[in-house]
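Report on the structure given below.
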């Protein structure tokens, strides 16, 4: 054998190997784009893709809901009290609140590590040990809905989550009122909203000015404001019923319900003309509903007719109540009556 003979390189083989290498890189890049687990292939790690965040937020609400349902099947919810609300009602917390929070908050942070997430409940690591997190699954978006790829600076994004809205009703087994919610605020403006009922498995979502599911596109709302149906909280229904009659007239019908998310859904689904809350309320309770209403042409404001700002540097408490309607014209007509009545001036 002549060891001095030069080695000849097969150019065709080199080309094939190069193509295989490029295919592997493309597969890794596309796989990363699909599940969003890291930013390894992101051009700018300080940007976040809002389409991916929408997908992750829907999944967070749904997977949090799995924990809520699972705990509801146990004999003991391990209910505790966080004290009394301003109306004097008990403000409970359960294992379901904590476990849902673990899934929702930790799941989003695992996919988007730099994301600012503001939650009603603090993580309790003993509750997080065995919860199942999630990877991005684009199939949660319905077929036929166009959802754009849009990137924004991640420092402009704040995510507000409510891992279990209507905990009091949850402890009473009034599951129709229970929701899990996620809201994406961009520069303090509620932009993406998700409200999920874990017991019916129905999810309502919207991205303001960008994307709506068909169920919201086809909704029609009555512009008649002369016969209002006002939905209010169960915890202070008595006072608001009387006030509503005085503000909106004797034709006003007042219905009560638990959970801010549920009440917004009743407005969206034409079961109520407006949602009225006359005392303070936390922003994780209302941000998702605010985003969805804004996306369908409705409006939510405080009772001074000021927009509610959902920025990380603002207080989590909205002290001035709220009015929400599925049509901005309805909101305008009703808020005018409220402002003129001066009943809720602080």
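Indices start at 1 and increase along the chain as displayed.
Yeah, the Cβs are placed from backbone N, Cα and C, and that goes for glycine too.
Given the structure is predicted, the values throughout are model-derived calculations rather than measurements.
Within the set 12-29, 30-47, the record from TrEMBL flags 12-29 under the feature transmembrane segment. Within its own chain, residue 162 (Mg(2+) binding site) has 119, 120, 179, 180, 181, 261, 284, 285, 288 as residues 6 or more apart in sequence whose C-beta sits under 8 angstroms from its own. Apart from 120, 162, 164, 165, 285, the residues listed for Mg(2+), the same chain places the Cβ atoms of 161, 163, 166, 167, 179, 180, 181, 260, 261, 282, 284 within 8 Å of the centroid of those Cβ atoms. Counting every protein chain shown, the number of other Cβ atoms lying within 10 Å of the Cβ of residue 165 (Mg(2+) binding site) is 28. In sequence order, 64, 68, 94, 96, 97, 100, 170, 178, 180 are the residues of the chain that are 6 or more apart from residue 164 (Mg(2+) binding site) and have a CB within less than 8 Å of its CB.
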